[in-house]
Amino acid sequence: MPELPEVETVRKGLEKLVVGKTIQEVIVFWPRIIESPEVDVFQGQLAGQTIEGIERRGKFLIFKLSDNDMISHLRMEGKYEFHQADDEIAKHTHVMFTFTDGTQLRYLDVRKFGRMTLVPKNQGHQYKGILALGPEPTPDVFQLATFQQGLKKHHKAIKPLLLDQKLVTGLGNIYVDEALWQAQIHPEQPADSLKPAEVATLYQAIIDVLARAVEAGGTTIRTYLNALGEAGTFQVALNVYGQTGLPCNRCGTPIVKTKVAQRGTHYCPQCQQLKGRRLK
């Protein structure tokens with residue numbers, strides 16, 4: 001699943017490719033991609049609108065249009081590709097935006113889980129899925145004191161708590177594993193058991209890991225490519241995710257893989273020891 005660094009990289013690429021272009025026509029091959037309004041209304045409303053900008057909130061893309069905001073979530077395998085209108089249409093292409101200059105933005109999704117929604121202009125940040133998100137993982141809005149207070153309220157394991165997007169947004173499976181490894185915290189450690197120094201270390205690790213991943217253009221594990229068709233490079237810097245059986249870069253102990261909250265989870269059994277009772 002594209003996480004914050006991948007979605008931010010897609011946003012930057014799309015900004016270069018389609019901002020300023022006017023939509024001539026929208027073709028929808030898989031109607032379920034369109035959450036609302038009805039497909040024919042979606043197509044009709046977009047025709048003639050100009051893309052004025054592209055924003056991101058968590059893992060959501062917000063296309064700023066002349067008359068609406070269009071919200072897009074890539075979910076598991078969604079991606080955008082930029083084409084000439086006469087280019088061959090690839091398998092798994094579900095939505096095509098044709099511009100007045102003869103170029104196209106195409107949405108492809110092997111799993112068909114991605115969704116698009118039209119909302120009134122400048123109301124993208126009021127969308128229900130976006131309103132539920134925690135702060136972005138940057139020091140100006142992600143505050144250590146608030147993060148610490150939030151963790152104290154939860155006895156659940158730290159990994160699923162970080163994945164639910166309410167304390168801080170943008171973390172998915174890859175970057176939670178990486179941040180917990182950097183902070184030397186076991187993924188099943190109860191959140192309310194973390195000491196202030198551990199919370200501070202984790203807070204900084206979240207900011208650091210995501211910032212470095214954005215700079216690297218994200219992580220390409222399977223199918224992720226940015227809007228320019230380029231792979232991310234952060235996979236070469238992964239310390240724990242996907243490193244099962246390889247020596248820990250900090251202590252040399254083999255990395256292990258387990259399941260936490262039904263998610264494949266990687267950690268170092270030496271550096272990230274569970275303190276106290278294991279949560280179920």
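Each Cβ is built from the backbone N, Cα and C atoms, and glycine gets one as well.
Feature annotation from Swiss-Prot assigns active site, schiff-base intermediate with DNA to Pro2. The feature active site, proton donor is assigned by Swiss-Prot to Glu3, Lys59, Arg263. Look at Swiss-Prot and you will find His92, Arg111 tagged as DNA binding site, backed by sequence analysis. Annotation comment: Swiss-Prot describes 239-273 as zinc finger, evidence class sequence analysis.
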Could you tell me the C-alpha distance between Arg111 (DNA binding site) and Pro2 (active site, schiff-base intermediate with DNA) in angstrom, no decimals?
13
State the Cα to Cα distance, in Å, between Arg263 (active site, proton donor) and Pro2 (active site, schiff-base intermediate with DNA), rounded to an integer.
15
How far is it from Glu3 (active site, proton donor) to His92 (DNA binding site), counting Cα to Cα, in Å?
21
Using DSSP, break the zinc finger (239-273) down into helix, strand and coil residues and give each count.
0 helix, 12 strand, 23 coil
Give me the CA-CA distance between Pro2 (active site, schiff-base intermediate with DNA) and Lys59 (active site, proton donor), in Å, as a whole number.
8
Quick note, His92 (DNA binding site) and Lys59 (active site, proton donor): C-alpha atoms separated, nearest Å, by 21
Here are some recorded positions: Lys59, His92, Arg111, Arg263. Which one has the most Cβ atoms within 10 Å of its Cβ?
Lys59
Neighbour count (Cβ, 10 Å) for the residue listed as 'active site, schiff-base intermediate with DNA'
26
